[in-house]
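Per TrEMBL, the features are as follows:
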DOMAIN    104-287  domain 'NADH:quinone oxidoreductase/Mrp antiporter transmembrane'
SIGNAL    1-21  signal peptide
TRANSMEM  45-64  transmembrane segment
TRANSMEM  84-104  transmembrane segment
TRANSMEM  110-129  transmembrane segment
TRANSMEM  141-165  transmembrane segment
TRANSMEM  171-199  transmembrane segment
TRANSMEM  211-234  transmembrane segment
TRANSMEM  254-276  transmembrane segment
């Protein structure tokens, strides 16, 4: 009974948070954006729209997953009794990471948000499956995630070491004044490739089918949609020149070419290999 009460409390917290994010639409003084926490985050109307979407989807996932939690606990008995209460807590942590990622405007908040989102997903991938396949999927997800996080950290350290600033606005100003060099370009490409790892874009997609196929269905739904929404929202241009996506677009023309190649490979590989799949979860991975 206590696990179900905790699950409902988590749903109420997420719904209340989504309502608060929705109320930000009525704040006229926010204009094009508002820097908070000393410039570590940048809040805009569109970032609050994505926050509302992420929080509402998290509450729906918890609501839909409550039945599967009960079924799993009845089948496995005492194995998952201690894990039932952890499921809403993990969803809350990964949702917090996604919400912070959407509005981050500094290398520090960017990396911490990515890690907060990813670490909860690693646990979520293996929490309800006591099998060798689930353990293998979770370990593969953890290793690939650790590799991409290491690349993000490497690129961030190079970027900070070459520019002396960690805020995206400062990096953009330095790049726009033609002070940028090839080292900054390499750092930005490393961060971009790491983000392509995170969203399982081709040719960095090999881990996704095994991971999606080895986790419960409700977790597959979350892994398929929500981390990609947060990362693509972060890479968008809706936060003006303070955002990393703006730096990529206006400074280095090589980045749109990398995105174009990755998009074409994703379409071709996803279509051809998706036709050969007979399991719906692997088809979702190739989609």
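The first residue you see is number 1, and the count goes up from there.
Cβ from N, Cα, C; glycine included.
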Dominant neighbour of the transmembrane segment (84-104) in 45-64, 110-129, 141-165, 211-234, 254-276, by Cβ pairs under 8 Å: 110-129
Distant-in-sequence neighbours of the transmembrane segment (141-165), which means Cβ under 8 A and at least six residues beyond its ends: 107, 110-111, 114-115, 118, 121-122, 125, 171, 174, 181, 183-184, 186-191, 193-195, 197-198, 207, 211
